[in-house]
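Over in TrEMBL, the protein carries these features:
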type	residues	note
REGION	1-80	region 'Disordered'
COMPBIAS	11-22	compositional bias 'Low complexity'
COMPBIAS	39-53	compositional bias 'Low complexity'
DOMAIN	78-167	domain 'TFIIE beta'
REGION	278-300	region 'Disordered'
COMPBIAS	282-293	compositional bias 'Basic residues'
């Protein structure tokens with residue numbers, strides 16, 4: 001009976017296997033699921049650079065159907081910042097307006113500035129806001145129209161306001177230096193803000209001994225400018241300059257000894273070093289003498305006298 005039960009189990013197993021084999025052979029092959037839309041760092045980098053492998057269903061506009069997967073349009077790059085239009089705002093271009101006005105010697109209207117910035121087609125409220133910001137800018141000077149009693153946002157002209165105003169020539173520079181009430185110099189960087197091509201004029205004034213120019217050792221560019229007096233300049237014979245250059249100067253290590261040998265005091269000698277180098281003399285401490293306290297009961301001195309000598 002056990003053998004017959006085993007045969008029935010084998011027959012049932014064989015039938016189930018044959019049924020499963022028929023379903024696999026005659027069924028339709030299922031398509032694999034698409035990969036995850038979260039690419040790796042390398043894939044996003046290649047996609048952003050445009051060097052990735054093109055796909056018909058992703059990169060070809062209008063591709064559709066079974067082969068294309070029904071996708072249309074351009075490729076979608078994941079994990080990339082969106083184009084926010086930074087710099088497209090007309091206020092964000094104010095720095096370009098200041099730079100452009102710096103190159104103009106004549107006043108310009110607001111339409112000239114907007115024409116340079118390609119903003120003439122902006123809405124009127126944007127233009128009015130831009131004009132208001134130009135009038136508030138510290139490096140832009142608004143010149144009202146003298147022919148009008150009332151000014152609007154469309155009237156007047158605009159010029160660049162430099163850090164050092166009204167200095168664009170050698171005469172104006174000398175006048176500005178003469179008006180200074182202190183000994184401070186003029187920074188060439190601030191001077192170039194209103195006079196960009198001042199290098200040649202500075203070199204000419206320096207050769208005429210009308211200004212003193214401090215230059216950088218690396219590139220020789222002017223850094224600071226002071227007023228000079230040509231009457232204080234005296235030419236020196238070139239032969240004397242050559243003789244002066246040939247005089248041998250002791251090295252820094254020996255110059256102190258040479259000056260001391262010549263009975264001269266070196267200016268670099270620190271007087272505190274003598275105190276440090278002098279031998280220390282040990283001072284013996286004196287023992288403090290004990291002082292008796294001051295008597296305060298003077299009114300009883302007659303009672304404290306010694307009368308022992310009077311005994312018999």
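Glycine is no exception: its Cβ is also placed from the backbone N, Cα and C atoms.
Automated prediction, rather than curation, is the source of TrEMBL annotations.
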Averaged pLDDT, computed only over the residues in the domain 'TFIIE beta' (78-167):
85
Using DSSP, how many residues of the domain 'TFIIE beta' (78-167) fall into helix, strand and coil, respectively?
29 helix, 9 strand, 52 coil
